[in-house]
Protein chains: 2
Amino acid sequence: MMRLDTRDPGFAAAFESLLDTARETTAKVDAAVGEIINAVRQEGDAALLRLTARFDGWQPADAAALRVTAAEIEAAAAGIEPSLLAALDLAAERIERFHRAQMPGDLEIPDPAGLTLGMRWTPLDAVGLYVPGGKAAYPSSVLMNALPARVAGVGRIAMVVPTPGGQLNPLVLAAAKRAGVTEVYRIGGAQAVAALAWGTATIAPVDRIVGPGNAYVAEAKRQVFGRVGIDSIAGPSEVVILADASNDPRLVAIDLLAQAEHDESAQAILLTDDAGFADAVVAAVAAELEILPRAAIAGESWRRHGAVILVRDWEEAFALTNRLAPEHLELMLPDPRAAMAKVRHAGAAFLGRHCPEAVGDYVAGPNHVLPTGRTARFASGLSVFDFLKRTTWVEASEAGLQAIGPAAVALAEAEGLQAHGRSVALRLR
Amino acid sequence: MMRLDTRDPGFAAAFESLLDTARETTAKVDAAVGEIINAVRQEGDAALLRLTARFDGWQPADAAALRVTAAEIEAAAAGIEPSLLAALDLAAERIERFHRAQMPGDLEIPDPAGLTLGMRWTPLDAVGLYVPGGKAAYPSSVLMNALPARVAGVGRIAMVVPTPGGQLNPLVLAAAKRAGVTEVYRIGGAQAVAALAWGTATIAPVDRIVGPGNAYVAEAKRQVFGRVGIDSIAGPSEVVILADASNDPRLVAIDLLAQAEHDESAQAILLTDDAGFADAVVAAVAAELEILPRAAIAGESWRRHGAVILVRDWEEAFALTNRLAPEHLELMLPDPRAAMAKVRHAGAAFLGRHCPEAVGDYVAGPNHVLPTGRTARFASGLSVFDFLKRTTWVEASEAGLQAIGPAAVALAEAEGLQAHGRSVALRLR
């Protein structure tokens, strides 16, 4: 863990290195992924059967066996403890409500020149949802990826989830059922991405693929981009917490560790204006690491990438936060709304002392799929906007064209595009 | 040019091949681009000077010479013919007005459980605008790329434009001036993209790079993606025109050719329900090709990629249009609004007989940077949304956390993330 003080002469350089350190090295898998994609494009289902046996360690009997049946989904959901199903329900309702509020409206603008201009939002026809298998299979991520697509009005959601050794995660299926996803395939890796992008006899192609995955999945998404849309490639997760000395150090410590427990590449950073409070949080982190089940992972993340930065004042903290552009930001300050007004770049913000990030990870309503690694400078969390696209339109009357057409002709001719100019000019006569 | 009839037995296969034909092969330039980006990262301005001499054929005296001065911009604008400047002004005003109407509002949602949820839009800090040099330097594209960024509230717009042989295009500079762009560098290619992404002593880095370019520029944008945001990689342009026999065949022909004159890879497709009208349009295209200055390019595009498709009825035409998902769509039908309601996928639509696409290319107001190559299935034209990002936020009272916290704890424990659960549970006591 790095301790920094903005008053130290070496601070600027140390902070710069904190910003520039890549916390994860990306495996070089382009060629392997390219081969997998070609195999699926050329052989379709046959390639899926072969690659699933090879990478997931089970042999599907035939292409039909790749699809999870409705009965399997029902059985999985029926086996979940009712209190857990109720929690899933509460989360789903709240996520749906928030994303419904995001839905944008169409524009229709009458224009002084006599034209009408418009912009219309329409949902994508079909979306693919990649859900990681094994340990990283999170039902909450199924809700966070599928529900915005449903709310946006996407007609078809095809979910893929690898099942190492043939094992399905029942809570993932229960989340799929709750999110209204009925088309689920037990495939994963680059081969699943290829099948969603290009289609096979069994799996119809989609228009966009979302959801997290390992290096192979990320590279496959990069390679099919253009054929289909993709979401951004997520890096390791991070939190920045701004907390003054009036907070309980233990609460700040557990919030830092909730981030750190994701994986060793996660990053948790505290910014505070009180050196004694910083010490108390560091001690509380050590105490919590004694009892946490995932202490090995969280401890490694904290030692490698954690940071405690002592600031002169909060203005300085806001400026540093804007440079960090964190995925998650907790504002444990007396006036968190005023603080929020000073922060320009963050994926999601949590305001006040009663609002740990974990509330947002599960049940608050906003999406937990967020821009990582300083990309909140230009990127946003997953939303209904990921599942909608715009068509702009222009309607011109004869008089409208007479009003603005001559300017179009002048510009077209200046650009040397005479057919452009003529397409307008012929209508002006 | 391909003539198809939906009644022919071979139609489905022929239409499928029309959909799948790549009209452009992408040059393999990854390695060359990787070297250029590394050179700029390691050597900064020195690499820019060397690469500009090598690729653009002129030797900048020093790094300061890379910047176009305010006096040069003023002089360029002062030399433009007043009627052309007036056309540029009309276009800019209309583009600004339309994009201002796009600006979304923030959300603040009080929640029955006692939380407040929100979503806030903020502009990017800094954007890079790539403008191609030489023949493809279009002042209209400067307006279409820069004005939405200005309207969104982007603080800094850095424009790069290669100047082959040292020659600047005055109308491009005049458009930059009209769009409020004051930071212009005479650099291009992968080296310009690298400079915008990583920064040099002379050029501060930006957060997102937009604008069209050649294969090197496109590959450079791919390689810097993640460090900065990029816009989508545009392919060759296309138009689909739906026109019935009540139209003037010559107007349909010139609209098809306005698309075809862009370059040999452009595509123009007519869908009509009248064989005689189709013949008349084909004849009118031939007649126009006799007189158009860019007939060599337009003719080549029309012969290679043009298509005339005879449909049984308009429902069939709408279904085919949705599969084509064209960048531009002209609806030259008696009730274009009803037709528009049937089309789900198109970048931009032009309604009625008095609305050639060229109006939208220059002066209508909506953006002319649009999704090509069937990507309108999932992508949208350039807009203020490209220069804004969202931060979602959650504000929880103590009572609010009590209401929804237990569900978060249950889900966190089911996912095996105990620190997540504990960060909520400790606050519930």
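From the backbone N, Cα and C atoms, a Cβ is placed for every residue, glycine too.
All annotation found in TrEMBL is predicted automatically rather than curated by experts.
As the structure is a computational prediction, the values presented were derived from the model and not from experiment.
Annotated features in TrEMBL:
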- B:Glu327: active site, proton acceptor (ACT_SITE)
- B:His328: active site, proton acceptor (ACT_SITE)
- B:Tyr130, B:Gln191, B:Asn214: NAD(+) binding site (BINDING)
- B:Ser237, B:Gln259, B:His262, B:His328, B:Asp361, B:Glu415, B:His420: substrate binding site (BINDING)
- B:Gln259, B:His262, B:Asp361, B:His420: Zn(2+) binding site (BINDING)
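Distribution of TrEMBL features across the structure.
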{"residue": "B:Tyr130", "record": "NAD(+) binding site", "CB count, 10 Å": "27"}
{"residue": "B:Gln191", "record": "NAD(+) binding site", "CB count, 10 Å": "29"}
{"residue": "B:Asn214", "record": "NAD(+) binding site", "CB count, 10 Å": "17"}
{"residue": "B:Ser237", "record": "substrate binding site", "CB count, 10 Å": "25"}
{"residue": "B:Gln259", "record": "substrate binding site", "CB count, 10 Å": "32"}
{"residue": "B:His262", "record": "substrate binding site", "CB count, 10 Å": "23"}
{"residue": "B:Glu327", "record": "active site, proton acceptor", "CB count, 10 Å": "30"}
{"residue": "B:His328", "record": "active site, proton acceptor", "CB count, 10 Å": "25"}
{"residue": "B:Asp361", "record": "substrate binding site", "CB count, 10 Å": "29"}
{"residue": "B:Glu415", "record": "substrate binding site", "CB count, 10 Å": "20"}
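Checking the recorded positions B:Gln191, B:Glu327, B:His328, B:Glu415, B:His420 against chain A with a Cβ-Cβ cut-off of under 8 Å leaves B:Glu415, B:His420.
DSSP gives B:His420 (substrate binding site) a helix state. Spatially close to B:His420 (substrate binding site) yet at least six residues away along the chain are B:Ala408, B:Ala412, judged by Cβ distances under 8 angstroms. Closest to B:Gln259 (substrate binding site) by Cα-Cα distance, out of the binding-site residues B:Tyr130, B:Gln191, B:Asn214, is B:Asn214. Between the CA atoms of B:Asp361 (substrate binding site) and B:His328 (active site, proton acceptor) there is a gap of 10 Å, rounded to the nearest whole number. In three-state terms derived from DSSP, B:Gln259 (substrate binding site) belongs to a helical segment. Of the recorded residues, B:Gln191 (NAD(+) binding site) and B:Ser237 (substrate binding site) place their C-alpha atoms 26 Å from one another. Cα separation, B:His328 (active site, proton acceptor) to B:Ser237 (substrate binding site), rounded: 8 Å. When the Cα atoms are compared, B:Ser237 (substrate binding site) and B:Tyr130 (NAD(+) binding site) turn out to be 18 Å apart.
In the three-state DSSP classification, B:His328 (active site, proton acceptor) falls within a strand. Max Cα-Cα distance over the annotated NAD(+) binders (B:Tyr130, B:Gln191, B:Asn214) is 13 Å.
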